[in-house]
Amino acid sequence: SLRPHVHWAQRHRELFLRVDLSDVRNPDITITDNVLHFRAQGHGAKGDNIYEFEIEFLEPVEPKPVCRMTQRQLNITVQKKESNWWERLTKQEKRPLFLAPDFDRWLDESDAEMELKEKEEEKINKMKIESRVPKDPFKHLKKGYLIMYNLVQFLGFSWIFVNMTVRLFILGKDSFYDTFHTISDMMYFCQTLALMEIMNSLIGLVRSPLISSVLQLFGRNFVLFVILGSLEEMQSKPVVFFIFYFWSIIELFRYPYYMLSCIGIEWKPLTWLRYTVWIPLYPLGGLAEAVCIVQSIPIFSETGKFSLGLPNPLNVTIQFPFVLQIYLIALFLGVFVNFRHLYKQRKQHLGPKKRKMK
């Protein structure tokens with residue numbers, strides 16, 4: 001049988017084996033009776049073939065090796081049963097021809113002891129630093145509050161989404177025209193409660209950027225309370241359905257993600273949805289809000305609502321439709337700022353660097 005070149009190194013607790021095979025397929029690596037059995041197909045010194053070898057270790061080892069493959073080689077880590085320094089790797093005194101020291105990782109016993117001592121000192125220093133940090137007596141109370149807040153918001157937006165979806169299937173397009181009258185009370189509750197997110201960021205309960213939270217909450221509440229809440233003519237517009245629907249879908253994944261994060265749980269499918277669903281929905285939600293504002297401008301012009309006319313203490317005339325036109329520009333700038341922030345978050349949680357570390 002063909003044997004690959006194997007390089008080895010050791011620490012007091014571990015053995016490192018580097019097998020010089022590229023494009024490894026179907027590796028079979030086991031440890032039985034203190035003997036490591038290796039068999040795999042890959043590209044080595046004799047081309048693309050099946051390579052195998054056996055190593056009987058000098059002293060007892062744990063029976064479960066850890067294998068990590070790359071495109072150019074295969075690395076095996078074996079735990080020693082007792083922490084000590086071996087004079088050689090194999091039980092047989094004569095070193096097998098296919099086995100050689102791994103000089104990239106090679107340390108003699110004194111160097112390894114110094115490395116072990118440095119790690120122990122680093123661990124002790126870390127424990128000392130952690131012991132100096134005062135414990136927060138309200139830690140569990142804060143965590144409980146954040147869990148309940150995210151749970152309540154998740155249930156509220158879930159009710160909105162399910163209600164709108166069922167009505168859409170039953171009534172079809174007719175459900176567009178009475179969305180506000182059916183859903184507004186729950187949306188008022190959820191968006192008013194969402195103001196707590198600014199407070200949470202201010203007092204340091206969460207690490208989310210304050211500017212991003214303020215921009216999103218101000219934009220939504222401006223549309224909900226000022227545009228839709230004050231104009232009955234706007235409440236029967238089909239655009240209300242799309243605004244509420246886009247908002248609720250985004251929050252269906254955001255709030256449960258944060259709720260699970262509070263208790264240290266990360267569910268990968270939910271993490272992917274949390275940092276991916278917003279890509280189409282966030283611009284669509286911003287577009288729906290812009291359409292709503294454009295449709296409201298003629299109504300505010302006719303009614304003069306919220307416009308400041310002469311005479312007044314400032315002695316100036318401020319037409320609210322003009323304010324809305326300026327707000328449209330700010331809306332798209334806010335969408336761009338938040339989109340950029342969310343994109344950075346997505347790269348941080350789902351980017352190549354994150355996957356490589358895992």
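Even glycines carry a Cβ here, placed using N, Cα and C.
If you look up TrEMBL, you'll see 1-90 marked as domain 'CS'.
Taken from TrEMBL, the feature transmembrane segment applies to 145-166 (among others). When Cβ-Cβ distances below 8 Å are used as the criterion, the transmembrane segment (145-166) is approached by residues 175, 179, 182-183, 186-187, 189-190, 193-194, 196, 200, 205-206, 241, 244-245, 247-249, 251-252, 255-256, 258-259, 262-263 of the same chain, each at least six residues removed from its ends.
Long-range Cβ contacts of the transmembrane segment (237-257) within its own chain (Cβ-Cβ under 8 Å, at least 6 residues beyond either end) map to 150-151, 153-154, 157-158, 160-161, 164, 173, 175-177, 179-180, 183, 187, 190, 220, 223, 228, 270-271, 273-274, 277-278, 281-282, 284-285, 288-289, 291-292, 295. The transmembrane segment feature in TrEMBL is assigned to 237-257 (among others).
Per TrEMBL, the feature transmembrane segment maps to 277-300 (among others).
Taken from TrEMBL, the feature transmembrane segment applies to 320-339 (among others). Taking Cβ pairs closer than 8 Å, the transmembrane segment (320-339) reaches residues 211-212, 215-216, 219, 222, 282-283, 286, 289-290, 293-294, 296-298, 300-301, 304-307 in its own chain, all 6 or more past its ends.
Averaged across the domain 'CS' (1-90), pLDDT in this predicted model comes to 91. DSSP labels the residues of the domain 'CS' (1-90) in these numbers: 0 helix, 57 strand, 33 coil.
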